[in-house]
Number of protein chains: 4
Amino acid sequence: MSRPCDINIMPEPEQSNRPYEECGVVGVWGAEDASALAALGLHALQHRGQEAAGIVSHDRKRFYQHKGLGLVGEVFHDQRVMATLPGHTAIGHNRYATTGATLLRNVQPLYADYEFGGLAVAHNGNLTNAATLRQALVRRGCLFQSTTDTEVFVHLIAISLYASVLDRLIDAVKQVKGAYSLIALTADMMIGMRDPLGVRPLILGRMPRSGAWVLVSESCALDIIGADFVRDVDPGEIVVIEGDGIRSIKPFGETSPRFCVFEYIYFARPDSVLEGHSVYEARKHIGFELARESGVDADVIVPVPDSGVPSAMGYAVESGIPFEMGIIRNHYVGRTFIEPTDQIRNLGVRMKHSANRAVLEGKRVILVDDSIVRGTTSRKIVDMVRAAGAIEVHMRISSPPTRHPCFYGIDTPEESKLLAATHDLAGMAEAIGVDSLAFISFDGLYRALGHAGREEARGRYCDACFTGDYPIELVDKEGHLVIA
Amino acid sequence: MSRPCDINIMPEPEQSNRPYEECGVVGVWGAEDASALAALGLHALQHRGQEAAGIVSHDRKRFYQHKGLGLVGEVFHDQRVMATLPGHTAIGHNRYATTGATLLRNVQPLYADYEFGGLAVAHNGNLTNAATLRQALVRRGCLFQSTTDTEVFVHLIAISLYASVLDRLIDAVKQVKGAYSLIALTADMMIGMRDPLGVRPLILGRMPRSGAWVLVSESCALDIIGADFVRDVDPGEIVVIEGDGIRSIKPFGETSPRFCVFEYIYFARPDSVLEGHSVYEARKHIGFELARESGVDADVIVPVPDSGVPSAMGYAVESGIPFEMGIIRNHYVGRTFIEPTDQIRNLGVRMKHSANRAVLEGKRVILVDDSIVRGTTSRKIVDMVRAAGAIEVHMRISSPPTRHPCFYGIDTPEESKLLAATHDLAGMAEAIGVDSLAFISFDGLYRALGHAGREEARGRYCDACFTGDYPIELVDKEGHLVIA
Amino acid sequence: MSRPCDINIMPEPEQSNRPYEECGVVGVWGAEDASALAALGLHALQHRGQEAAGIVSHDRKRFYQHKGLGLVGEVFHDQRVMATLPGHTAIGHNRYATTGATLLRNVQPLYADYEFGGLAVAHNGNLTNAATLRQALVRRGCLFQSTTDTEVFVHLIAISLYASVLDRLIDAVKQVKGAYSLIALTADMMIGMRDPLGVRPLILGRMPRSGAWVLVSESCALDIIGADFVRDVDPGEIVVIEGDGIRSIKPFGETSPRFCVFEYIYFARPDSVLEGHSVYEARKHIGFELARESGVDADVIVPVPDSGVPSAMGYAVESGIPFEMGIIRNHYVGRTFIEPTDQIRNLGVRMKHSANRAVLEGKRVILVDDSIVRGTTSRKIVDMVRAAGAIEVHMRISSPPTRHPCFYGIDTPEESKLLAATHDLAGMAEAIGVDSLAFISFDGLYRALGHAGREEARGRYCDACFTGDYPIELVDKEGHLVIA
Amino acid sequence: MSRPCDINIMPEPEQSNRPYEECGVVGVWGAEDASALAALGLHALQHRGQEAAGIVSHDRKRFYQHKGLGLVGEVFHDQRVMATLPGHTAIGHNRYATTGATLLRNVQPLYADYEFGGLAVAHNGNLTNAATLRQALVRRGCLFQSTTDTEVFVHLIAISLYASVLDRLIDAVKQVKGAYSLIALTADMMIGMRDPLGVRPLILGRMPRSGAWVLVSESCALDIIGADFVRDVDPGEIVVIEGDGIRSIKPFGETSPRFCVFEYIYFARPDSVLEGHSVYEARKHIGFELARESGVDADVIVPVPDSGVPSAMGYAVESGIPFEMGIIRNHYVGRTFIEPTDQIRNLGVRMKHSANRAVLEGKRVILVDDSIVRGTTSRKIVDMVRAAGAIEVHMRISSPPTRHPCFYGIDTPEESKLLAATHDLAGMAEAIGVDSLAFISFDGLYRALGHAGREEARGRYCDACFTGDYPIELVDKEGHLVIA
């Protein structure tokens, strides 16, 4: 009885242009139930995007798509929906929307009918010359339907003068700059690609029985469907899967990688293995390093759940101070909730976290968290811990101070809103109300990743959010392009 | 709690190309509550399209849009929705979808961001070279988002090498062939246009107090908002409304009009006045002519409601036979209903019409209807009337036999499914089960419209559905373009 | 993905007590597809209640129910819904809610689990001692779930000391006073009943092939499913259908009937036959009488559609003045619509009706309508007709002046809001802005129904809304029961 | 545009009678924003019931209610909903439905209009003579609307011959047997009550500034709104809050308590304090005891998250074996998900848990979980851990073997489906595929709760699910009443 109704407010030019987002992508080629496997993979990557999800499948005759706002399990909620996505191949996408309302037309994969046939594209990351390219494309007569960077690829492929899809795609990726992994699907092939520096992850796997090929953002998405890990896709590599076979194209030749170090610190799931490192082990080793670098006498180590847990465990092991779950996270916090009055709104962070008074009262507490962004959440947690009776609160952070925005696909506030960009260490400690504050050092961070220290790791990672050293040209930003 | 979810099956190439449809359009410029006035106008035009409705407004800063599937009163159901459509100008569209599911992305007005700014387009009619143009545009790299003819305009405007919107629009309309009326909206102006032959109607009106300009498909949409009738837009004319003023452009020079005669017979609302003729009076005069041409002795004249009523009244007046409401229409028939078993499905037409036994039993009945298409509905009505006790049933039709499909915007079945294309008069009478059957003659029809007869009216109307004389080239059809 | 959510505001005591409403009821016993037949019957009775609909079925093992707000075609919209209502018997109800929001828990049929098994009840009408009985039942410990009169029956049956369902029902109906028809369903029988005066209609029919028994509010609901008319249920009669047979019980003995005359004037569908009279013919004869009693020189007779049409036709035939559709009704007016600002709200009645200027301009017009209640709608229509150019407007009404509220099941405003209760004829004419105004006389009304005049019809009809002569005791009202 | 539609299949008598469920209740008296505080409290108690939620409020004039299926944050999702719940007092309920579909009419609080005015009741627990009482009440003429035990209270209060609400409530609770906590609301007072043995928790708190009284199932619901803990309500105590004051009634005199030990082991949130014990500390001490009783040589201690975490931490501390998060829980698992084919269905438990290969591969692993019910989930987890490379898997359980169903409010399968009721320890170890299996002893369990051992704790707790020693008569069960 209910009919869909689409309320779209036209994108304000000021907002439509910076869709920083981190997302998850999945592709399956050559399996019965390809869409179901893709949906399961997206579910395992749910932490990379919770606002929307979509799948496009192909059954050797036509394309099918289903997209929706919400969690993967909500969008792909029953067999009737899955039955609309038949075929031996499917690609999917989780979206984490940051600007204004999540519009359904921005939900990926994007699909377009070309002269050569249909093509669907799912993309994780951010182009640094998207606005510049978009302006040129619009000037040329291209009509954009979404505000995603992905649509820039879609139009570049459409207007390319090359004949084959693959040549058109290479033509397109040679024009874009940015950090991205993408999965594309035509009637004949599935394509996976990482940007030339390999900033964002992309992993190739294979189903043991069916031999189906699988592309995923993180290895945890292989585990959920029982696929074997084959290898990380190389930086700048295009993997082409067609028929039963797979081939590799490197249009940029061999490139030196700069993998996003923040994936280890915060973004990836702890049971994932990225570029050969266990995320869980990396975090735990950061805890070891933190304890060595910034030890303080205390009664309990308490993680800010969930991402602070492994580092806090590492800290506890190294320091010998007991590890306790002094903060309980309420896992039922959804995307919306009651905010009836200012009085209630002040309850704020307590919707998500609550203090476990039994382990905090009368104690000197070391809180371990992954990062400090604006500092407001940290302040609320510290206040809550003190209200539960902690007599000292020390904060230890498993990343260096976040002083610069990410232009490569992770949503971060602008610099002026980053606490570490505007305060020194003492100022930050005061702002969040702790007795002491320490961040992991760069040497400590890279030792935890298996290097001798910062120097040895130099040029291997992107750590621009900590250093401001951006390895990919920020065309839109530097060109002072004020897109209206 | 409910989130929108969009299930789109990719358009099958075989289906995406022939969206014959009749629609209604409205535009308001220079009024407070422009969107509310547009919604009311769409409501008055509801008979032209019941599947979906949309409005785009502009408030001198931005565009706003709201679209939905359903009746106007359902899509624009409350003040909260209307509050999302502020501004002094608004254009709207009712859609009557014929092919497959009505997809939200096909609901008009279509909006696009161009280099020169935003443009919204609402369009009533059909292009006869849409498929040919679309193929060329796709080859050039244009990506289509909908399956509507309207989007052909949208892309032609985007790729035009002219600078101003108006020049680009003229560039576009010179490339298309077809029967259409369109209303477009930019940040600075509202544009109304009829195709060079003026097949589809478009009327200019003005609000008496505010001086706001109004464009509508039929005059009944002026009446509902209390706007004065100014004039019919001329065939091939572009009306440009900007600031407080209005100007006229005729890119095709003076053209000889061919107005759709079926608007008088069936499509338009009886209280509308089109091209100077009252639709109600036209129908009543057809009834006069029918009675003179095809009189038959009978006890009662019974219209097939609602469109047959005025002609039946005219027939009754002229013949002196009593007019009775022998068939009652159930106005609560919506778009969907119970069809549980074959047994129940046989009840068929009775969902919409019921026989009024009190005036039919033992009577010789003349049924008056507007047209016979497949003949199946007529058969069911005749059977129902006989079952209610009629001893003779004569059918009189207020149009000539429908022998050819319309390619100019009214949904009709293909020729092989038209009863009049495959049967002679006696065969038709037998097929629908009547004692006698007669259609209005061409002379009678055109006399009813104020002409001396067919000869005098020749070249003034499009009556291709009766004659097969198509005044606009059928490019896609004749080129044997097998996309549709 | 959407989950139901029930927002119920507790009934305000002041509001919960006067649910005047007219409704439609249907029962089918002994047919495959009983629920589908019931749904079709409800569809034919849609004019008796448009707010909600419900069906309870039984398949010799269990009861099933489905209820919803909206039209029958919306509540029973697809085969999946109908599949939840299996069985050989089903009863259904259309509801026309008048007080506040339509709560789902008020939608009938009401179902209850008794000691003796389940029982569902659907009821059309109004009890005049419902509040008094309810107060006593609550005092005894009965918990009411709805605010309907029907639930009084449900509790009276529950607490009856008799053993059999039938004895309990008789025990209950002996305690209630009011005007009602009801259909009840147990696992073993279907029961139909009319109140002792037979104020509200109830008709027995039978399917020609299956022999299934059918109970309906009006004969048009027999026609839609092809059932034969058997007879009107008698006033005060209980019809019991079980197995293949039917029997009649008259717990009140023979009673003298007082059928609601307003069913002929307004409420029933024109193609229905009630108590042996065709509703259509009755209305047309009222038109004859009106023309004789209150003739006036004029150019056109124009009905206020839809209910004024047959009387206007009768008036035209008798007077010889041409009948024209000078007012067009928009059948797409739903239950909600745009009311954005006071300015737009003034457009008021034009949402539903529009003037057909072609037949009104420069004319002396006689408008024929069924009744005048508050007078506000009449005023708007008269203004609209004058605005379309009528030079004189005369109003003729096919009922006597409505001066008293109905306490027997038809929703009417309280006396102080009835125009005829507070104004004399001249005052009414002035209030609605007509040049002359006349109502049918009582003699004329009853002549139209086949009597010699008012005197001969005395005591055969309920015409309390015109006369204030209430044939059934108004217990709640007269007891000045101020139920809190 | 969407209208609610209620598909209720009539309750099958066989199913309607055993609604074992654990729920959460909240009451607030004397606060602005009482409903918002109640909603926040329900959110903190979300782990006690995730299927539905409801709130009834009173503003000194009327009652208001809102109920819905889904999480608290979904049912009370915005300010518009909260605005429908004004007043200084509100009671709320979370529901965990176990039998069939969750029907909206079963969602609590239940509200009824009595002779003395309105009353709303929310109830957590289970009555052991509900079926017996219900049968008697139905025989007496009471009509049940839901299948909840709570409605038995509602009817007992309605038919009580006592005059005051409080006397009627006492009359009712003297007739019921079972384990329950309830909160009731009238226009004048809020009432909290625990069953005579205090099996289910109920806690009294107070807001520091406003002095508002608060009743909650667990102390974590006080923390979220910043209320102070006052005391546990006593077993068998009725707390009456009216005006500003509070008074206590003990209709059963002093009773010896039997608090549910499973609340400590599994049900309550770790940051709650119940009957003076921190749940977190209790679980951690069980871990200490487990390590002492059932130590085994291993490389890592891995909890089955989330409830196994504190016990695993305790085990690790006591044993000195490293604690590692070897199993990751996906917190985005909702109530529904893709289950397209048998092939995919085999992936089963991996939707919720995934193995962290980095800490499992090549290791001897001790898994710590809270209980084993059917054994199927344990088996899947063990298999997953082995598939991730564990070379030994030992399972330690922080409760005694679950051998008997709970009839006091926690949903458990019948005895024949409990692994521990049908297998000895060796058989269980084999069934779940571990190298060794051990449960906490009764002595260990009660030592962890601060007692010398089982003997000292005897008669203080209900541990019937482990011992079969049911402290409250199982009337329905023992009477062999076959309604359930």
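Including glycine, each Cβ sits where the backbone N, Cα and C put it.
TrEMBL names B:C260, B:C462, B:C465 as [4Fe-4S] cluster ligands; from the candidate set B:C220, B:C406, the record adds B:C406 to that same site.
In the record from TrEMBL, residues B:D369, B:D370 bind Mg(2+); the candidate from B:S307, B:S319, B:S354, B:S416 listed for the same site is B:S307.
Sequence-distant contacts of B:C23 (active site, nucleophile), defined as residues of its own chain at least six apart whose C-beta falls under 8 angstroms from its C-beta, comprise B:R48, B:G49, B:H93, B:N94, B:R95, B:Y96, B:Q108, B:H123, B:N124, B:G125, B:S217, B:G409. B:C462 ([4Fe-4S] cluster binding site) sits 17 Å from B:D370 (Mg(2+) binding site), taking the CA atoms of both as reference points. For the domain 'Glutamine amidotransferase type-2' (B:23-244), the model's pLDDT averages out at 91. Note on proximity: of the binding-site residues B:S307, B:D369, B:D370, the one nearest B:C406 ([4Fe-4S] cluster binding site) is B:D370, by Cα distance. Non-local neighbourhood of B:D370 (Mg(2+) binding site): B:I265, B:Y266, B:V304, B:S307, B:G308, B:S311, B:I397, B:S398, B:S399, each in the same chain, at least six residues away, with C-beta under 8 Å from its C-beta. Between the alpha carbons (Cα) of B:C465 ([4Fe-4S] cluster binding site) and B:D369 (Mg(2+) binding site) lies a span of roughly 17 Å. Secondary structure at B:D370 (Mg(2+) binding site), as computed by DSSP, is coil. Of the chain residues outside the [4Fe-4S] cluster site list B:C260, B:C406, B:C462, B:C465, B:A179, B:V199, B:V261, B:F262, B:Y408, B:G409, B:I410, B:D463, B:A464 have their Cβ within 8 Å of the site's Cβ mean position.
The separation of B:C260 ([4Fe-4S] cluster binding site) from B:D369 (Mg(2+) binding site), Cα to Cα, is 19 Å. Other Cβ atoms within 10 Å of the Cβ of B:D369 (Mg(2+) binding site), summed over all protein chains shown, number 24. Considering only the binding-site residues B:C406, B:C462, B:C465, the Cβ with the fewest other Cβ atoms within 10 Å is that of B:C406.
Apart from B:S307, B:D369, B:D370, the Mg(2+) site neighbourhood in this chain, defined by C-beta within 8 angstroms of the site C-beta centre, holds B:I265, B:Y266, B:P303, B:V304, B:G308, B:S311, B:V368, B:S371, B:I397, B:S398, B:S399. The Cβ of B:S307 (Mg(2+) binding site) has 20 other Cβ atoms within 10 Å, all protein chains considered. Non-local contacts of B:C260 ([4Fe-4S] cluster binding site) by the CB criterion (under 8 A, 6+ apart in sequence, same chain) comprise B:A179, B:V199, B:R200, B:P201, B:F267, B:Y408, B:G409, B:I410, B:Y461, B:C462.
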